[in-house]
Amino acid sequence: MNPSQQHLPKLCPKRLFLFFTPFLLFSLYYILTTIKTITISSQDRHHPPQLHVPSISHYYSLPETSENRSSPPPLLLPPPPSSSSSLSSYFPLCPKNFTNYLPCHDPSTARQYSIERHYRRERHCPDIAQEKFRCLVPKPTGYKTPFPWPESRKYAWFRNVPFKRLAELKKTQNWVRLEGDRFVFPGGGTSFPGGVKDYVDVILSVLPLASGSIRTVLDIGCGVASFGAFLLNYKILTMSIAPRDIHEAQVQFALERGLPAMLGVLSTYKLPYPSRSFDMVHCSRCLVNWTSYDGLYLMEVDRVLRPEGYWVLSGPPVASRVKFKNQKRDSKELQNQMEKLNDVFRRLCWEKIAESYPVVIWRKPSNHLQCRKRLKALKFPGLCSSSDPDAAWYKEMEPCITPLPDVNDTNKTVLKNWPERLNHVPRMKTGSIQGTTIAGFKADTNLWQRRVLYYDTKFKFLSNGKYRNVIDMNAGLGGFAAALIKYPMWVMNVVPFDLKPNTLGVVYDRGLIGTYMNWCEALSTYPRTYDLIHANGVFSLYLDKCDIVDILLEMQRILRPEGAVIIRDRFDVLVKVKAITNQMRWNGTMYPEDNSVFDHGTILIVDNSIK
């Protein structure tokens, strides 16, 4: 043997193969992309290969501003792309009156549905491909980068949400004021025109808001989310919901402020949350007739409220009743309303624990041991027989009471106070989440801690302060959101409604918030909602369910103009996704994962702040 060769390391063919495979795959990808680009240039550019043509083939009505809400004009359609256009392989911009396009909450199509139980305010999505638009939702004229957090809690640019109507209608209640080129949010509301602090102080005198035992809150009829904004001072996370109605921009204002919110209504279907999700539910003059339909809406609140959770109500008949009492006057109508309300609460076995102007507070029981005898005597409502109280995607509300855990299991379902709650999940211990274990939960938590550290180290996305509103399109156990908890962000954790096991209950047990969703449809939110979109395995999940083009166009609709996207998936899937994002004018780059950190897959990063 040559002495010069005897100290050379022995090469392992297997290691060489593993080392060079990622480079070979990426080289092949770029070669194919180049060939594809050349092919596109030689074809009819009206039709991007292997993709549905971005086209608009029929008229559609959508209001542009609040001034023309009553009679929206026909949508202005773009002319067909010219064959000589060098950009015709790109998706076209939608017309300008698409700036606030809500595919599943469109006022013109809603008119064909019944007003009974506000059904027309429910989700009504385009159900066939011909009714979906293949265009990019434009930003409003004069759009500016939103104020950074926490400044955004108080200010929003008028051009970003160009609706004066709410400021005019609610100017005496201090919801929002228009001052020059910006909106100012002074913290008022219908029940607290003098400011939300004094209002919350009344609740604080009864409930332990600062103890960590109350972490997740549902605010029904949220206005501009001033209540939820103030509760952040106590590290309480509030899901603020309201329908798209005459105050059409209230949820949009909340999101522009950097607060968790989505379009939602108590109507026909269950709210898209699991049972036992919220520590407190709040209604301040939320315009819900709680005693209608034999108390059906309160039964739905009971479903999503945790054992020993609180229901806080202000406004008629509560506030008015106290006011009349102070003035030594009485109102028969209001008294009757309150008696009906108390009757529903007796049937639900709730306990009134405080009545202090302007609120009344009830508490849900920890179990139904004492309640079962009463329910049997009353005969209505009974306990629900449904085997899955967490099923809530397009499921009609049920006139029954969701059973609570057996008294012997009560200790197993008790939540820790925040922030210990983040890593303590009772549903895992009770075995209600099939296919998951405590060990698996811990491994998932650690994996996402490493992944988020990798994101921040390599891409500088998280620590630069640019991102406030975040959505995780396939949240799993909420590991991504949990890893972000140290950053000034909030995360909407989405769990696909048909995914097994159903993990959204785990997300809420951790003190996080989220919703069920079908990504073949549009999300119940306004355009330009999120600064950062995270999609882990989403496209693999939906490849055989619907066209991924529509999912990507929905992501474009809800992403802010200078926002970012992180897509993690199989390499072959991301090649298809990347071809589409190129046509969306997104600046995307693919990265192989570091196998020493991650198990498999590829990352596609889109950063639209880079021009």
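All residue numbers here begin at 1 and follow the chain in the order shown.
A Cβ is built for glycine as well, from the same backbone N, Cα and C atoms used for every other residue.
According to Swiss-Prot, the protein carries these features:
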type     : residues : note
CARBOHYD : Asn68    : N-linked glycosylation site
CARBOHYD : Asn97    : N-linked glycosylation site
CARBOHYD : Asn289   : N-linked glycosylation site
CARBOHYD : Asn408   : N-linked glycosylation site
CARBOHYD : Asn411   : N-linked glycosylation site
CARBOHYD : Asn587   : N-linked glycosylation site
TOPO_DOM : 1-15     : topological domain 'Cytoplasmic'
TOPO_DOM : 37-611   : topological domain 'Lumenal'
TRANSMEM : 16-36    : transmembrane segment
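Considering other CB atoms within 10 Å as the measure, the emptiest surroundings among the glycosylation sites Asn97, Asn587 are those of Asn587. Between the C-alpha atoms of Asn587 (N-linked glycosylation site) and Asn97 (N-linked glycosylation site), the distance comes to 26 Å. For the recorded site, Asn587 (N-linked glycosylation site), the DSSP three-state label reads coil.
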